[in-house]
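**Student:** Mind looking over this structure? Questions follow.
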Amino acid sequence: MRLAHALLPLLLQACWVATQDIQGSKAIAFQDCPVDLFFVLDTSESVALRLKPYGALVDKVKSFTKRFIDNLRDRYYRCDRNLVWNAGALHYSDEVEIIRGLTRMPSGRDELKASVDAVKYFGKGTYTDCAIKKGLEELLIGGSHLKENKYLIVVTDGHPLEGYKEPCGGLEDAVNEAKHLGIKVFSVAITPDHLEPRLSIIATDHTYRRNFTAADWGHSRDAEEVISQTIDTIVDMIKNNVEQVCCSFECQAARGPPGPRGDPGYEGERGKPGLPGEKGEAGDPGRPGDLGPVGYQGMKGEKGSRGEKGSRGPKGYKGEKGKRGIDGVDGMKGETGYPGLPGCKGSPGFDGIQGPPGPKGDAGAFGMKGEKGEAGADGEAGRPGNSGSPGDEGDPGEPGPPGEKGEAGDEGNAGPDGAPGERGGPGERGPRGTPGVRGPRGDPGEAGPQGDQGREGPVGIPGDSGEAGPIGPKGYRGDEGPPGPEGLRGAPGPVGPPGDPGLMGERGEDGPPGNGTEGFPGFPGYPGNRGPPGLNGTKGYPGLKGDEGEVGDPGEDNNDISPRGVKGAKGYRGPEGPQGPPGHVGPPGPDECEILDIIMKMCSCCECTCGPIDILFVLDSSESIGLQNFEIAKDFIIKVIDRLSKDELVKFEPGQSHAGVVQYSHNQMQEHVDMRSPNVRNAQDFKEAVKKLQWMAGGTFTGEALQYTRDRLLPPTQNNRIALVITDGRSDTQRDTTPLSVLCGADIQVVSVGIKDVFGFVAGSDQLNVISCQGLSQGRPGISLVKENYAELLDDGFLKNITAQICIDKKCPDYTCPITFSSPADITILLDSSASVGSHNFETTKVFAKRLAERFLSAGRADPSQDVRVAVVQYSGQGQQQPGRAALQFLQNYTVLASSVDSMDFINDATDVNDALSYVTRFYREASSGATKKRVLLFSDGNSQGATAEAIEKAVQEAQRAGIEIFVVVVGPQVNEPHIRVLVTGKTAEYDVAFGERHLFRVPNYQALLRGVLYQTVSRKVALG
């Protein structure tokens, strides 16, 4: 019992001590007021690649974060509360990576700083909205239970401002979610060239922005002070805000034992909406609701994205005819152009449609009277004509002499007697009918009046002599001739053919019935009385022009001013004159080399063609380019394609030229548009596809993009290939190990265009030079261009320079009149060095000879093993040829030959062409083989001392027998023409004009030797032979 009383005080003391320990521990826990701070660090392309070496600006951001972590120190408030820190961090680009979750400070300070220091930048796009929402998630799942003590520090440059859809709902949505949760967001800039509007959106309000800066380019004291001030200001703001939360009461003693349960309190205020829960399963469909009231008209929505191309609309109606435009001012008369070249003879055309008959021609001259034609075949007898009315009785004429007894007519059959008819009245005279079929012989009628003689018809064109026809029947009796003198009564002739039927006379009275046979016809009666004059005939044809009369005396002046008479009718065409004598032989027409020279002067610039080509555009689509600059770059590509199509006539179609575009960002972020794609049918489809390219806004892996271009868009081809690489020259070479010279090769030319980015940085020339293959051993060197801004891409001058560079290897026709030798050839140029030439003119011929020699020695050969050799010799009098025979040789080295020509001195003596030809003939027989073509080009005016045409003919024929073909150059008008013809043809008797045109060259003066393309003409004809 005593033991129990002794132990009881000890037990009570132990219980009291335990109670004090528990209360003490609770008091300590209550004194901590935790604050959660989470860093959101931007390591996108616009930050990582802004400074060299790449990642330097990210290192500054990491340095800022570590300095900030070092400043997170606990603080004791007067309310007996301690501020303690929980800190964490993430970094982001187009993906988000947690550096370290919320960690208790200061115990986890070193681990957090080490994790920040080990960050490797992403260097791609910028998804700030996703990063903020990930930071909110980290703050909510750990740390303090007080939402008022949770803070987010977003360190970014704010890029990009626009141009692509942020995948996590957008920046404003993320910031509004933070405000809704009561989490404050500080916005800290990476300066300069940050986007203040975006940073202002990120900050909870303007007090959380305050021009805070986390990194600056400069290393000055001011920059360090600004960063230190940023850290101190943010920490002080958090401490002040937290004090109001942690010290919401003055003092609080240790807690006592729990009291009795209190009464239920009043209903509290409505709490803040909770976080959105997970998406539930779809419920059963509800029944249709009642029709609601008509809603108010909503506000105008934001502008939608560009719609797809609509279907082709219906064909429009034909428009009204436009008004006639105002006539333009007449232009000035242009300069006289070069004469056009004769075109090739066209193929015969199809027979045209027969044209309408032409107008009646002028009457031809009267032809000579043709010979009497042979008798034609008997015509069919015409139908009997109507009887004309008898004319008025004429005056009795003088009795004519008795006519010759007519031939007895055929005996006719006796006709039946007709009944006497009544006498009819005289009818109108009808037109003469065609002769009818001969009828039976009628009763003898009364003699009709004699008709007027008709007018003579025009003489017809004599016809071709026809074949002899069959003997025709006996013709009718001819017209009655004029009465001749009375002749002797002749014996009765044979019975003649019946005469033409006369006009039907009036019916006579019935006679007594006959009773005998019909007698022979009586003699013709006397001519009747002369009838009245006939109607006037039509106007006859004009007669032949008479001989020119003598000039008459001048008439008296007529002072009356009469009106001018009507212009007379066009006269008849005179007879064709005799053929004139043949004209002189005209000068030779332009040679082929002269024609090519004319063509080159007229249209060589417009005939050079650009293409076919393969042009590739490699377009930087990284974040540092910016949306507006990316759109300008696409317009530049379209304008280049248009200029090549219109100005350079490049045809972008299958089998011709090809174009392609590659846009790129970071690794595996490439997209291309290719004219070889099945959905791109023409250049218009290609341009539409380029317009639809969307800005990627990521990192910059230029080497990988160039490798992609070579693998996908550079198949083997014979076309000229050129690649235009448009970039800011800041490829992430630390992570992109593909060399920038991947396109360098002998089959492609690379042009790099470097442009300042959105931060105003000048493009890196070192990368641009490597891209364009400059200073490299492999590949053809390209061109590197640097521009201040993307707007300069659309400058007209720059576009013109780019298209000129693309088409620098134009395919132009060859107007140089090239020459080719089909066999080995030895050519000697024989220069006249006599006194008649003169020293100045001799120097001119030496220059001309060197031009010819250069053309000969550089000419093409059908077989490279066949040699062309040239020798130049000057001559004057007898025995005066230089170089001498010992030094003379054929040369193939132009430099040596030109030096020997330059060393020639003017001889200035007599002229002996025969001796010069004999010298060259001996030289060829000794130094030239038999299979080699031997040609001599001789300068001469045909004058030779003491030489005759026969002597020259002998010398030329001797050279021809040695196989030498002679060409002659004649300078000036003072020439011996007969001797020149003998030098050309080797004949004194005749001259072949065609042969002379090929072997004779006439020049007006020595200066003309060096003008134009005469040296090409001469060398070509000598080469062809």
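Even glycines carry a Cβ here, placed using N, Cα and C.
The compositional bias 'Basic and acidic residues' annotation in Swiss-Prot covers 267-284, 300-333. The feature compositional bias 'Acidic residues' is assigned by Swiss-Prot to 549-559. The annotation compositional bias 'Pro residues' is assigned in Swiss-Prot to 578-588. Sequence annotations record features per position, and here Swiss-Prot assigns domain 'VWFA 1' to 36-234 based on sequence analysis. Annotation source Swiss-Prot lists domain 'VWFA 2' at 614-802. Under the heading N-linked glycosylation site, Swiss-Prot lists Asn211, Asn515, Asn536, Asn801, Asn893, citing sequence analysis as support. If you look up Swiss-Prot, you'll see 20-255 marked as region 'N-terminal globular domain'. Per Swiss-Prot, region 'C-terminal globular domain' is recorded for 592-1025. Annotation source Swiss-Prot lists signal peptide at 1-19.
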**Student:** Whole-number Å distance between the CA of Asn801 (N-linked glycosylation site) and the CA of Asn893 (N-linked glycosylation site)?
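**Tutor:** About 41 Å separate the Cα atoms of these two residues.
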**Student:** If I take every residue in the domain 'VWFA 1' (36-234) and average their pLDDT values, what number comes out?
**Tutor:** 89
**Student:** About how far apart, in whole Å, are the alpha carbons (Cα) of Asn893 (N-linked glycosylation site) and Asn211 (N-linked glycosylation site)?
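**Tutor:** For Asn893 (N-linked glycosylation site) versus Asn211 (N-linked glycosylation site), the Cα atoms are 80 Å apart.
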**Student:** Could you tell me which of these glycosylation sites, Asn211, Asn801, Asn893, has the fewest other Cβ atoms within 10 Å of its Cβ?
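**Tutor:** So among Asn211, Asn801, Asn893, the glycosylation sites given, the one with the fewest Cβ atoms within 10 Å is Asn893.
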**Student:** Helix, strand or coil for Asn801 (N-linked glycosylation site)? Use DSSP.
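**Tutor:** Once the DSSP labels are grouped into three classes, Asn801 (N-linked glycosylation site) ends up as helix.
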